[in-house]
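According to Swiss-Prot, the features are:
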type	residues	note
BINDING	L118, G122, H123, L124, E242	(6S)-5,6,7,8-tetrahydrofolate binding site
MOD_RES	K226	N6-(pyridoxal phosphate)lysine
SITE	H225	site 'Plays an important role in substrate specificity'
Amino acid sequence: MYKNLKLNDKYVQKAINSEFKRQRNFIELIASENYVSDDVLKAQGSVLTNKYGEGYPYRRYYGSCENVDMVEQVAIDRLKEIFKVNYANVQPYSGSVANAAAIASVVPNGGKIMGLSLKSGGHLTHGYKISFSGIFYNSITYEVGKNGKLDYEEIKKIALAEKPDLIICGYSAYPRLIDFKKFREIADLCGAKLMADVAHIAGLIAGGVHPSPVGYAHVITSTTHKTFRGARGGVIMTNDEEIAKKVDRWVFPGYQGGPLFHAIAGKAIAFYEALQPSFKTYAENIVKNAKVFSEAFIKKGVEVVSGGTDNHLLLINVKSSYNITGKEAENFLEKINITINKNSIPFDELPPLVTSGIRLGTAAMTSRNFTKWEELAEIIDYSLRNLEFLNSKSKAARDKVKELKNRVLSFNKEFPILKKY
């Protein structure tokens with residue numbers, strides 16, 4: 001499936017094949033992206049996309065569901081095995097839907113939820129005012145400390161003062177380990193439920209390189225792509241039977257109708273891959289590579305938020321390090337075939353579409369067995385330090401940009417996208 005497609009619809013064919021070319025020729029550093037196996041792609045393009053079946057395995061509202069029942073049940077069983085949980089729902093179309101259903105399962109209408117602010121690395125669905133979580137619930141936030149790390153004492157003070165119904169931990173731009181035990185202690189002190197959104201770190205947990213929230217969080221949500229390297233979608237897990245029943249009702253019929261069986265098949269295959277011994281090595285390499293990458297920038301005097309990383313991502317303050325914006329960094333690096341994303345950083349004074357920071361992740365390129373992290377850091381650092389020159393129209397600048405791009409292209413030839421894991 002990692003090949004050019006031939007379709008009757010030439011417009012869509014061109015877009016898909018152009019995207020395949022882009023993925024093949026670009027260094028992918030967006031922390032939420034990865035390369036799935038050929039098997040996952042095949043499953044998602046299978047005849048399962050034709051089948052409808054509301055409800056859950058072996059209790060559907062439609063007939064002839066025996067084959068999709070098998071697929072969904074094996075996905076459930078594998079996810080339960082990976083995370084060592086008693087209950088799993090693999091139907092959510094996305095992480096956001098999973099969060100919506102999970103929150104509704106443990107928080108009353110209009111109840112109070114408490115999550116990390118966007119600038120500190122939280123997610124829209126953790127209480128941001130324009131998200132469902134900030135519209136239908138009374139949301140409050142906590143922040144990271146001046147050092148860029150979670151301040152558990154400050155979080156406890158806020159929780160005791162505000163008495164939320166739910167505390168959310170697990171983030172989209174936080175580079176350090178999360179102490180789920182401390183969060184549960186805080187939740188118990190203020191009478192709150194604890195939800196862990198492990199969308200970014202699920203693969204690291206599966207590989208044993210990040211602590212698990214199981215045994216601490218009342219309910220756990222995740223996506224199945226990112227470090228999990230599977231089909232795009234969401235899942236919800238818990239060990240609480242009553243919460244499990246509510247989750248099932250909120251997923252269907254609460255938020256969704258028929259499941260996307262082709263996507264669930266892609267999830268099932270990714271879970272199979274995550275159960276193989278090689279996945280542990282993959283997870284270990286993600287973190288090892290992120291630490292090497294981070295240290296390479298630190299050695300060059302670059303401000304890495306929190307002073308480093310414990311997981312798959314790092315945040316760089318490009319405003320203080322290079323006197324540029326995240327938007328400017330993202331736009332230029334794309335010219336030399338490096339994909340990153342601008343990202344707000346703690347205490348950011350710039351708007352979200354501009355930002356003072358960038359976010360870099362190692363999950364995707366680790367899937368390609370990429371090893372030139374220090375050299376890549378050198379290219380990025382040089383580019384951002386010399387942005388004014390490189391964006392000029394001089395022949396010297398054009399030649400240098402071409403040279404940088406060719407170096408990146410050589411990386412992509414040396415480390416191609418793999419089809420099997």
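Glycine residues also receive a Cβ, built from the backbone N, Cα and C atoms like all the rest.
Remember, it's a predicted structure, so these values are computed and weren't measured experimentally.
All features noted in Swiss-Prot, drawn onto the structure.
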residue : record                                                  : DSSP (3 states)
L118    : (6S)-5,6,7,8-tetrahydrofolate binding site              : coil
H123    : (6S)-5,6,7,8-tetrahydrofolate binding site              : coil
H225    : site 'Plays an important role in substrate specificity' : coil
E242    : (6S)-5,6,7,8-tetrahydrofolate binding site              : helix
So of all those binding-site residues, L118, H123, L124, E242, which one's Cα sits nearest to the residue listed as 'N6-(pyridoxal phosphate)lysine'? H123
Can you check which residue among the binding-site residues L118, L124 has the largest number of Cβ atoms within 10 Å of its own? L118
Work out how many Å separate H123 ((6S)-5,6,7,8-tetrahydrofolate binding site) and H225 (site 'Plays an important role in substrate specificity') at their Cα atoms, rounded off. 16
Determine the Cβ neighbour count for E242 ((6S)-5,6,7,8-tetrahydrofolate binding site): the number of other Cβ atoms within 10 Å of its Cβ. 10
(6S)-5,6,7,8-tetrahydrofolate binding residues L118, G122, H123, L124, E242: largest Cα-Cα distance, in Å and rounded to whole number: 31
